[in-house]
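So that you can see what the record holds, here are the features copied from TrEMBL:
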BINDING   Asp436, Asn463, Gly465  Mg(2+) binding site
DOMAIN    4-113  domain 'Thiamine pyrophosphate enzyme N-terminal TPP-binding'
DOMAIN    204-304  domain 'Thiamine pyrophosphate enzyme central'
DOMAIN    406-529  domain 'Thiamine pyrophosphate enzyme TPP-binding'
REGION    336-356  region 'Disordered'
Amino acid sequence: MTTTVGQYLSARLGQIGLKHHFAVAGDFNLILLDELLAEGSTKQIYSCNELNCGYSAEGYGRANGAAAMVVTFSVGALSAMNAIGSAYAENVPVIIVSGAPNTNDHGSGHLLHHTLGNTNYGYQAEMMRHITCATEVIFSADNAPQQIDNAIRTALRERKPAYIEIPCNLANAACAAPGPVSSLLSEPAADPASLEAALEETGRFLYARDKVVLLVGSRMRASGVIDLLPALADRMGCAVTVMAAAKGFFPEDHPAYRGVYWGEVSSPGAQEIVEGADGILCLGPIFNDYATVGWRATLKPENTLLADLHGITVNGRVFEGFSIRQYLEALSARAPRRAGSAETPRQPLPTIAPAPRDARLTNDEMTRQINALVDGNTTLTAETGDSWFNAVRMDLPGGAKVESEMQWGSIGWSVPAALGGALAAPDRRHVLMVGDGSFQLTAQEVAQMVRYELPIIIFLVNNHGYVIEIKIHDGPYNYIKNWDYAGLIAAFNAEDGHGLGLRATTAGELAGAIEQAKANTRGPTLIECDLDRSDCTETLVKWGTKVAAANSRAPKVN
Ligand code: TPU
């Protein structure tokens, strides 16, 4: 029972539930790509460059639970590192596989192309080690099965990216065939003593408090247990809020929902509920400077229970040895009713009155129309910039999903990530909001949406500059060259594409463009929304001022 190293990898990717892998070809990975095609468990999807390839995989992994990508040595892998950093920061298991020099060239003193120009070829793995949870450099086909399995298993358990390096002359070398995939997928059993102690301490915490609230954070996506939250909320009867990066992680039409908690820029009433609570169950939160509005929205540790992916902290004690799934499943069966916080009703979001059809397009009107487009089957991807704030203020139907990248915050992420998400979940409607500045980083990936006929609706928010940066700290570096964004689509279509590029300067033009986008099922529709540069959300300005103040704190003097 033998296979080849490349086909072993290919079979494993299919067995863990992938239907696609992303790739950019290069001479160090061509044989590997052939092996993946020959085994055929996953479809090969091509990216314009390795950064986009990584972001596409990251977006795919969010929707599908894991993803894989294949790049060539150095010139490919080093470009992908920003995206792998994103997958690490955002807890997405992306398996990055790099082709590598022929085994005979390692340690030979041979100088190879695509390298730094010295003869030590270990540097790429050393760099990857810092941004992955497992780094496997394969030097013998015999060891490849264990090494591939270890990388994939660790990525799935840690919810982080993992790195596999395959020399170009080993991709088609013979190795043992795969064993049962359960060895990669099975979750370690919870330590019963630690889990029981954690639940008892949780009980002591909850019984001593009247106003308990659930605060859902973005690491809950990685936990794969978002679906457990409504049952926990029903049992406890308490209010539920979400952090900005977890917008949409709890159904907004559920009676317990009280909005987004984001310090001073929270949804109406949410700050009072969270900061007025004496028990806050923080589920998978990331309390960074952005989430705390420049360290201003910090919760009292004595009032919080912190549940993370592999343990909890409560009443000054730490319990580990179980997953957040195991903890929440057990808690949902025995948590006490704590309905005090739910007595405060949800305050409605400010409504935006429809603009007349011939009125100049505004940020408010654009957001109102996009919100109306979002149904329970929509995934809305929101790029860094005012798109975050526009997504956060939307009123979402149950089932709608939002994807944002608020920990890593790398502009350009959203275009390839939306492509990855659309491939992973073809039955959903995919809507992308991206600013002009961000779009310029990864714009060419729209060509792959054309190629793969993905009907993603792109709202290109042309507010003529890096408005989020203008609000944080202004300078000449925040003003960019304007492009004919809608016009790009004709170039990407070339002779055979079905993409649509439209431009809206009035409310009526936007409404018409959205109707055309809905009808265009064989490719992306990019709607360039032309806005005044000064036209942005109030929350962006308020938040930007506070984050800028935190950034400009003077150094402490001893
Ligand atoms: O809505 P708006 O105008 O703020 O969005 P746009 O036009 O996409 O501008 C985003 C501006 C921005 C920058 C330049 N936001 N963050 N940055 C800093 C930055 C630079 N490079 C990377 C890769 N990521 C970043 N976040």
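Note: Cβ is positioned from N, Cα and C throughout, glycine not excepted.
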Other same-chain residues whose Cβ falls within 8 Å of the Cβ centroid of Asp436, Asn463, Gly465, the recorded Mg(2+) site, in sequence order:
Gly435, Gly437, Val461, Asn462, His464, Tyr466, Val467, Ile480, Leu531, Arg533
Per DSSP, what is the helix/strand/coil residue tally across the domain 'Thiamine pyrophosphate enzyme central' (204-304)?
31 helix, 23 strand, 47 coil
On the 0 to 100 scale, where does the mean pLDDT of the domain 'Thiamine pyrophosphate enzyme TPP-binding' (406-529) fall?
97
Cβ neighbours within 10 Å, counted over all protein chains: which one of the binding-site residues Asn463, Gly465 has the most?
Asn463
